[in-house]
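What Swiss-Prot annotates here:
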- 1: N-acetylmethionine (MOD_RES)
- 77, 98, 105, 106, 107, 108, 109, 122, 166, 167: ATP binding site (BINDING)
- 208, 211, 286, 289: Zn(2+) binding site (BINDING)
- 225: active site, glycyl thioester intermediate (ACT_SITE)
- 326: phosphoserine (MOD_RES)
- 339-438: domain 'Rhodanese' (DOMAIN)
- 397: active site, cysteine persulfide intermediate (ACT_SITE)
């Protein structure tokens, strides 16, 4: 049996299994209807250990969970732990927004996915996982990129939103739309060994994201998981805490009387710590939830709120075409026996990236260190004794972004004239030239 037929048969078996579970559920409901139980007998067994916890409110609390609709924006490092716990707890409808696909580099932290699903849409992979976990729930997927045009249509009808995204732009959009629709948001982020979590727009009286952050961080201060890395269990713990906070919201643990805005900070290394800080409430001058707000549904949908312009973006395209070379051109000069005699080969990735995998001929000077030299040639010569103003310098980084910035530094600050960066960087070289080099 070939792979195609095997995959087809597996899908058919999965569909039959789900259909069987749904039929059993319908039968159980009919059998229980005469007794007027709010849950099926199987649901009593499934959620029993949860219902006997006094704080959940017993059967009434479980019915609340069953009647609640939660939207999870992002099925990555935060969404992956949050989704199965929400499904396992019995949240009746779960929506998943994500247009990304599963990649091998995701799997160390996004443990809801697995190796067999590489290339599959994350929202579909998540749907398959949580419907296997709990066939009593309804799961809706949105394989689209969230934007000003579709956010209102996607959000409406949901009681709570989990913001599991990794960019300030999307966080502002999620918060703005939620405020306009009167939806409470559980928002979190994580990077490296740390994470943070908060609740926004609680019952339309709590602060929104703009109350906390009226202006976004500068683009060069924002680091993604791809750039900064992340420890799986650390972000997983934050995602699990998001599920806890969502259950507390649904079960009425938080009330208008006892809720106080907070920011929870988690750090996994060197010793684990969890701190909670009291945050300020709604701000009267907030453009989204304040008295004279201008960020309305109409303004967002018409595109009058330019999130890209507001949050900014790092401009990496700072080199002229003749200051860049392709990986093919680099390969030709790299294979020249006199390469090192004619060129200085500089790798500007962070040192711990360089240690994972590098060209043996490359000298590692992270771009941060180059910046700190502030154009001082003597400081550069301490690292590169052979470098002179007329040296031919070839610069490499991970993706071909920092190498452009380094090219500008060496030309504009240090006064070098013969500097070129490798377009696409180290990873482009691996993809196009030599797949035997480790790619991380």
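Placed from the backbone N, Cα and C atoms, the Cβ positions cover glycine too.
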For residue 166 (ATP binding site): intrachain residues, at least 6 apart, with Cβ closer than 8 Å: 74, 76, 77, 189, 224, 225
From recorded positions 105, 109, 326, 397, the one whose Cα lies nearest residue 211 (Zn(2+) binding site): 109
Largest inter-residue Cα distance among 77, 98, 105, 106, 107, 108, 109, 122, 166, 167 [record-listed ATP binders, Å]: 21
Alpha-carbon distance [the residue listed as 'active site, cysteine persulfide intermediate'; residue 107 (ATP binding site)] in Å: 24
Inter-residue Cα distance where the pair is residue 208 (Zn(2+) binding site) and residue 105 (ATP binding site), in Å: 33
Neighbourhood of residue 109 (ATP binding site) by C-beta distance under 8 A, where only residues 6 or more apart in the same chain count: 77, 80, 230, 231, 232, 235, 236
Residue 105 (ATP binding site): tally of other CB atoms within 10 A of its CB: 13
Cβ atoms near residue 208 (Zn(2+) binding site) (within 10 Å, other residues, all chains): 28
Mean per-residue pLDDT computed across the domain 'Rhodanese' (339-438): 96
For residue 225 (active site, glycyl thioester intermediate): DSSP state (helix, strand, coil): helix
Which of 107, 211, 397, the listed recorded positions, has fewest other Cβ atoms within 10 Å: 107
Cβ neighbours within the same chain of residue 286 (Zn(2+) binding site) - under 8 Å, at least six residues apart: 207, 208, 210, 211, 214, 293
Fewest-neighbour residue among recorded positions, criterion Cβ within 10 Å, set 225, 289: 225
